[in-house]
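Novice: One structure, pasted below without further comment.
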Amino acid sequence: MDKGLHFMFYVIATMLLLRESSQTGEKNDPKMLAASKSGFGTDSRGPEEGLPTLTVTTILEDPYVMVRSAELEGYCIDLLKALAAMLHFSYKVKVVSDGQYGAVSSNGNWTGMVGEILRQEADIAVAPLTVTSAREEVVSFTTPFLQTGIGILLRKDTVSQEMSFFHFLAPFSKETWTGLLFAYVLTCFCLFLVARLSPCEWNEPKNEENHFTFLNSLWFGAGALALQGVTPRPKALSVRVIAAVWWLFTIALLAAYIANFTALLSSGSEQLPIQTFEDLVKQRKLEFGTLDGSSTFYFFKNSKNPIHQMIYEYMDKRRDHVLVKTYQEAVQRVMESNYAFIGESISQDLAAARHCNLIRAPEVIGARGFGIATTQASLWTKKLSIAVLKLRESGHLDYLRNKWWETSCLHKSRDRWSPLQPQALGGLFLTLAIGLALGVIAAVVELSNKSRHAAGHVKKSCCSVFTEEMCTRLRIKENTRQSQETSARANA
């Protein structure tokens, strides 16, 4: 009995020891440790057994990397998470110490994120870092994950201009107005010509007057433009064909004009006086600058374009006053003063979306891309490039773009009104031309039918009667007879 009790106590003690050992092992297991999240400026994905850990440098810029509730979030953070899940690596994020992207300083050393990679303080840089030839010489870049360019960010009230006295002409471009004037004159001339040729409109040229004179034809065409019926009223089929086509043309044209003019008034803004970088250089109202030491600054410095050189000289002479340190400072300065910021167009689109009183000028130059920087000859460069391409092909990069750029002002910033060009009305002008041709053909057919009947009565050929009728209606015969009489008198 005693031996049995001792055996039971021994079994129970052994089971308790094994259970305590198991619990201690679970607590010390690295796989059970949660990923640590530190305070401002860093973020990390906890190391997992057998996974490499990369130190990632980045820069605080909305919406790429932002601090929310003592944690980092944004487009680049989401991109980094997707890359880590795809390539199976852990990471630790640190914000660049000097707040710079990367440029060569006066002592020849690189600053910013590029400098940290060269000093091996970071393995990769995941940020809105522009791929340039100078940076590519010292670090390696992956396939760009975002495409952008250089644009001009403005405040709407600093570039607004008073309405022109002839603002009512703005719905159509100059080319469209020129085409409309030519179509009006051509249609009135066809009305005048067809009314003379058609015997149904002008039956007796020798006895009765033709009501469709050229002045009356101009008045008839103008009345149709005003949607008013005016005299004389067409009687012949050929004249009615031209009149009907011209009426349809004017109705469609007026509808297009009213719609575009309504859109112009409802937009509340005229066409910006600063459309291009050349417009920016010519004006004197606004100061302009860019980020100090950024790729945009060196783009203008190295450009051979005369306009770009003028922009660089302006910024270089006033660098202490017009160059800004951060993107947030640039946006704030545009909003509070007469200042135009030259920078990445994709970031300016976001600023115009977040702040509805800002707008980006239409011209974008220097197409470029944001890439992930790594050390030269790094094994991660190709892996990250392939992963970025896979994310683009799967639509994940588009999803991230829509996620972080979606705001209430985004649609308004992109909705820019423009005058209606002739290409938009090409089909309408073609229809008018076909109608005019049909009207002229119908008038010739009507005149030839009358000539055929008249030829049977006077026993002449149809061609001779048609020629005589044509000359009579166009007043050619009378002029020829007068010239012959004048020459005869001179010979006598």
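Every residue gets a Cβ built from N, Cα and C, even glycine.
TrEMBL annotations: computationally assigned, not manually curated.
Feature list, courtesy of TrEMBL:
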REGION    26-48  region 'Disordered'
DOMAIN    53-407  domain 'Ionotropic glutamate receptor C-terminal'
BINDING   PRO128, THR130, ARG135, SER295, THR296, GLU344  L-glutamate binding site
TRANSMEM  177-199  transmembrane segment
TRANSMEM  211-230  transmembrane segment
TRANSMEM  237-259  transmembrane segment
SITE      ILE274  site 'Crucial to convey clamshell closure to channel opening'
SITE      LYS301  site 'Interaction with the cone snail toxin Con-ikot-ikot'
DISULFID  CYS356-CYS409  disulfide bond
SITE      LYS390  site 'Interaction with the cone snail toxin Con-ikot-ikot'
TRANSMEM  424-445  transmembrane segment
Novice: Specify the nearest of the recorded positions ILE274, LYS301, CYS356, LYS390 to ARG135 (L-glutamate binding site), where nearness means the distance between Cα atoms.
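Specialist: Of all the candidates listed, LYS301 is nearest in space.
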Novice: Given a Cβ distance threshold of under 8 angstroms, which distant residues of the chain, six or more beyond its ends, lie next to the transmembrane segment (237-259)?
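Specialist: Result: 171-172, 180, 183, 187, 190-191, 194-195, 197-198, 200-201, 212, 220-221, 224-225, 227, 420, 424-425, 428, 431-432, 434-436, 438-443, 445-446.
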Novice: Out of PRO128, THR130, SER295, GLU344, which of these binding-site residues is nearest LYS301 (site 'Interaction with the cone snail toxin Con-ikot-ikot') by C-alpha distance?
Specialist: SER295
Novice: What's the CA-CA gap between GLU344 (L-glutamate binding site) and CYS356 (disulfide bond) in angstrom, rounded?
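Specialist: For GLU344 (L-glutamate binding site) versus CYS356 (disulfide bond), the Cα atoms are 18 Å apart.
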Novice: Please name the residue among the recorded positions THR296, LYS301, GLU344, CYS356, LYS390 whose C-beta has the most neighbouring C-beta atoms within 10 angstroms.
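Specialist: Counting every other Cβ within 10 Å of each candidate, the maximum falls on GLU344.
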Novice: Could you state the whole-number distance in Å separating the C-alpha atoms of THR296 (L-glutamate binding site) and ILE274 (site 'Crucial to convey clamshell closure to channel opening')?
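Specialist: Cα to Cα, THR296 (L-glutamate binding site) and ILE274 (site 'Crucial to convey clamshell closure to channel opening') are separated by 19 Å.
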Novice: Of all the recorded positions given, namely THR130, SER295, CYS356, which is spatially nearest to LYS390 (site 'Interaction with the cone snail toxin Con-ikot-ikot') at the Cα level?
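Specialist: Nearest listed residue in space: THR130.
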Novice: Show, in sequence order, which residues other than PRO128, THR130, ARG135, SER295, THR296, GLU344 on the same chain lie with their Cβ within 8 Å of the centre of the Cβ atoms of the L-glutamate site.
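Specialist: Here the non-site neighbours turn out to be TYR101, LEU129, VAL131, THR132, THR148, SER294, ARG368, PHE370.
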Novice: Measuring Cα to Cα, how many angstrom lie between SER295 (L-glutamate binding site) and ILE274 (site 'Crucial to convey clamshell closure to channel opening')?
Specialist: 23
Novice: Could you state the whole-number distance in Å separating the C-alpha atoms of ILE274 (site 'Crucial to convey clamshell closure to channel opening') and CYS356 (disulfide bond)?
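Specialist: ILE274 (site 'Crucial to convey clamshell closure to channel opening') and CYS356 (disulfide bond) have their Cα atoms 18 Å apart.
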Novice: Please list, in sequence order, the residues in the chain of THR130 (L-glutamate binding site) that are at least six apart in sequence and whose C-beta is under 8 Å away from its C-beta.
Specialist: TYR101, THR148, SER294, SER295, THR296, GLU344, ARG368, GLY369, PHE370, GLY371
Novice: Highest Cβ count within 10 Å among the binding-site residues ARG135, SER295: which residue is it?
Specialist: ARG135
Novice: Inside 10 Å of the Cβ of PRO128 (L-glutamate binding site), count up the other Cβ atoms and send me the figure.
Specialist: 22
Novice: Summarise the model's confidence over the domain 'Ionotropic glutamate receptor C-terminal' (53-407) as a mean pLDDT value.
Specialist: 88
Novice: Among PRO128, THR130, ARG135, SER295, THR296, GLU344, the annotated L-glutamate contacts, find the widest CA pair distance and round it to a whole Å.
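Specialist: Roughly 17 Å, rounded to the nearest whole number.
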